[in-house]
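The disulfide bond annotation in TrEMBL covers Cys31-Cys46, Cys51-Cys63, Cys58-Cys76, Cys70-Cys85, Cys88-Cys100, Cys95-Cys113, Cys198-Cys213, Cys226-Cys238, Cys233-Cys251. The domain 'EGF-like' annotation in TrEMBL covers 50-101, 264-298, 302-340. Here TrEMBL flags 299-340 as domain 'EGF-like calcium-binding'. According to TrEMBL, the feature repeat 'LDL-receptor class B' maps to 477-520.
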Amino acid sequence: RCKCCSVPSVCGAKKVQCPGTHHCIPHWELCDRHQDCEDGWDEEGCPQQPCLPGQWQCRNRVCIMAEWKCNGIDDCGDSSDEDVCAPCPPGMVRCDEGKCILESLMCNDEDDCLDGTDEPSTCGELREATGRCPCGWGRGVMGQPRNCLPACSCQVCSARVDIRSGDLYWLAFPRLSCPRTHVPCRDGTECVAQEYMCDGEKDCADGSDEDGCAQLCDTPGQPAPCQSHEYPCGLGPCLNASLVCDGRQDCVDGSDEGGNCSVPCRRSCAPLCYPSPQGPRCWCDAGYRLAEDGLSCVDVDECTEQGKGPCSQTCLNAPGSYSCGCLPGYLLEPDGHICKLTGPEPMLLVAVQSEVLFYGLRSGREEVLLATDKERVIFSLDYDLVERKVFWMDLATESIRWQGLDPGKKGTLVKGVRSDCIAVDWLGRNLYWTDGAAGQVLATRLGAAWRGIPEYTVVMDGDLDQPHSLVLQPLAGLLYWSEVGSHPRLMKATMDGSQWHVLLAQGLGWPTALALDLPTWRIFWLDEKLGSVGSARLDGTSVKVLQLHWVRSPFAAAVCEEQLYWSERKVWSVQQVDKTSGKNRTMLLKRHGEPHGLQVPTWGSPEPCTNGCAKSNGGCAQLCLPNP
């Protein structure tokens, strides 16, 4: 009787394990026409023929027309046709294999370059040199500084490693200028979001975002850790006012006793008065705060407080209190704040190179839903909730294809199209896509079948500046898209292309990934150029932006419950963060091949149905585009 066991993975990041062995090879040795695994597994399924004359071979072995190289569009699907076109932007360096990475990613113990050139042997010297500052402006090899000013002129200084030579040098620069939504750390080397100030976690490397929090005033943009029924200790947490001047030192530093504790309460406090070392003070019960007169109390509306609200979905304020509620399809957790989806486990649908996977967001279970030929790249994708079909963009054949969850059901919807993003209107029974090169948004019927003649319509044309990501709100008959041209914007329109307007046109770089969060009535985006995550209400108000250095090359995004998910192409991973704070980043998937399309198929939406095409195709003989 035999028992088969799998060989546990022993490979580190950016390496692949040869099946059935403990041998590891770097990712870049896959399909390099050299057998690195003993059984040749690393060369199986690789294209054997070189590209035809007039074509150019991408890093992922896909062949594209030579004239498509450096046209501003990722035709390869791995961006290798655009990576090698121009000098890296300021603050970035080029790997030997072509792509640009942030200079700050040098020597971070991760192979951010596929060939590992960002982790030379001199990285050990860099770690030893951290914290020392031998020179001001300029740079020089360690021990041989050049163009250096006296050390006293250095405001912020850090050691760096040259990606080409491996030499160690010093770089001095003025303190950072932070965006208005962020504040600088005391050492001037980084910025953190205002929401991170005094939240109980040290986000600055020097911990300065948590210093002096007990003494903060209750002013706009500054959190007040002590409520009006609490006393701010000089050191340590806030203290209930009833424990002040009681003859026992409850604050760590004893600041709750002594001083003017003996002065009796004679103030005309409408609520209560308590003695303190600073003299008598008025105080309010929990859920209330002192009014401007310092004597009376007013209700705290917890539902509209600055920063993150107490409820994940709906909030109802009451005098001195509040209550949270959930939308249909959700259940309130025992903590009374968080809403979770009921029913089956929510699943993440993600395209990784030539495969589409289901990933369980609670169990972490992975399942291959479909697989195409290895030389093909599944680009953008979406899911039809009604007929249980997955639609995706096939760059190799310039077609939009589909496959049902039932075995054997598959087909081609339309050919001769190039799309950056596709989106399914499961209610109106249409599929939309963007064409960045043509500056168009197009649509076709979900039930269409390829018969040799394209059957689609141009929904919007003319004034679009490289439309990229696209998301739909079928129950409201609305669509949203991002533009990544010379004037990046977030846009909104009805699904027939009318009534379109600018949702947001400020503070954007390359908003390459959009996601809707209907329970909170917000739209999220990830910005590749600015390295940020932003969100706004669906009317364009209440904009919030978080600078997150790990946002590098986002392609697609999705929101489920309290988490934001997105695919990172250049680090071959699917990641998640808390959608409100941007914290608690987790790497969900990291496989060989770039992840692209990503969706969380769910039903939930609180809006009434206004999609005019939902019933009898709106009375149309062919394509019906809803206009609410």
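Indices start at 1 and increase along the chain as displayed.
Note: Cβ is positioned from N, Cα and C throughout, glycine not excepted.
Taking the disulfide-bonded residues Cys63, Cys76, Cys85, Cys198, Cys226 in turn and counting surrounding C-beta atoms within 10 angstroms, the largest count is reached at Cys76.
Taking the disulfide-bonded residues Cys88, Cys95, Cys113, Cys251 in turn and counting surrounding C-beta atoms within 10 angstroms, the largest count is reached at Cys113. If you measure from the Cα atom of Cys63 (disulfide bond) to that of Cys233 (disulfide bond), you get 67 Å. Nearest Cα neighbour of Cys70 (disulfide bond) among the listed disulfide-bonded residues (Cys76, Cys95, Cys100, Cys226): Cys76. Note on proximity: of the disulfide-bonded residues Cys76, Cys226, Cys251, the one nearest Cys113 (disulfide bond) is Cys76, by Cα distance. Per-class residue totals from DSSP over the domain 'EGF-like' (264-298), listed helix then strand then coil: 0 helix, 11 strand, 24 coil. Across the repeat 'LDL-receptor class B' (477-520), DSSP helix (H, G, I), strand (E, B) and coil residues number 3 helix, 23 strand, 18 coil. Cys233 (disulfide bond) is 49 Å away from Cys100 (disulfide bond) when you measure Cα to Cα. Annotated pair Cys226 (disulfide bond) and Cys76 (disulfide bond), C-alpha to C-alpha distance, rounded: 55 Å. Comparing Cβ neighbour counts within 10 Å across the disulfide-bonded residues Cys58, Cys70, Cys100, Cys233, Cys238, the minimum falls on Cys70. Between Cys198 (disulfide bond) and Cys76 (disulfide bond), the C-alpha separation comes to 45 Å.
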